[in-house]
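Undergrad: Below: one structure in structure tokens.
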Ligand SMILES: [Zn+2]
């Protein structure tokens, strides 16, 4: 079992939902604690609030990982007289670190938008409602002595190279011979000074998003046995990868049917909706996590006639009906899928890397709204 620190978890989250996907206004990241703090107990929650802090204190939690950032408004004082500030003081006193991934999780592949679409059983092959980031690709070609191929390949994949669509660890290899003559001053891993050396090598090719270039080059330089690894770096003209918020899919259901499905999937006591005909059959349905009302026209443009989101106002709903769109306001709290989904993802990392870590999905967090 490997003891881990806050920074180890952050590094994996960064690969899953890179911070460059987050909006500029979004205060994601480590809001409390230090990155070299050892983590034995991790709690996962939608928000940091009085309930989750108390739960974390009782469980002896080292790090809380939340979707919504803990500090959204700038602080001018930090005294116990304001309830929210008092929560912050409690976190600091209890030495509990807090890390958040918000709009980067919303935009990530298989992040919040896809979790919600999954829960609503929208089929895969979904379209993004509001693209937020486009990313080009690079290719690295590196020549590695045969005996070190697996180690270098593993290092490349750990750095995030070789993810293509739904496939991981994608690479291409071909055998060949590398030649070199070490010169005075060299300290060769193979061969002798002044003597030409011929080594059986493998050419490995991997593709990766441009943002990972430094990671990937560092990984290959660290794992490669040679003093001077030879590699080529190419910028690819391939179609860029698009990230963004909300998902649309071809799916036939009425507003009424979707309401029933959402209530049962998320175990809701109720929800709001606006529809001129709840029995009308929709062919394209859109889902947008959080408060997505501002994006309904983008969903309409892409063919959706039912828009599912949270925090819809009276005037939002009026506008949508005027534009011929039915809306279901399932509440912002359906984003609590973050807790179960992220727990599963981190549990997978824990197994892969033999982390000595206990994961606690929050049990005390609940929706602030009730129905009567
Ligand atoms: Zn939210």
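Yeah, the Cβs are placed from backbone N, Cα and C, and that goes for glycine too.
Bear in mind that TrEMBL entries carry predicted annotations, made automatically and left uncurated.
What you are looking at is a predicted structure, and each value in this text was computed from that prediction instead of being measured.
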Undergrad: Return the residue out of 106, 109, 294 that TrEMBL annotates for the same divalent metal cation site as 67, 68, 332, 335.
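TA: My reading of TrEMBL gives 106 as the candidate in that site.
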Undergrad: What residues, ordered by sequence, lie under 8 A Cβ-to-Cβ from residue 335 (divalent metal cation binding site) and sit at least six positions away in the same chain?
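TA: For residue 335 (divalent metal cation binding site), the qualifying residues are 46, 67, 112, 116, 289, 290, 310.
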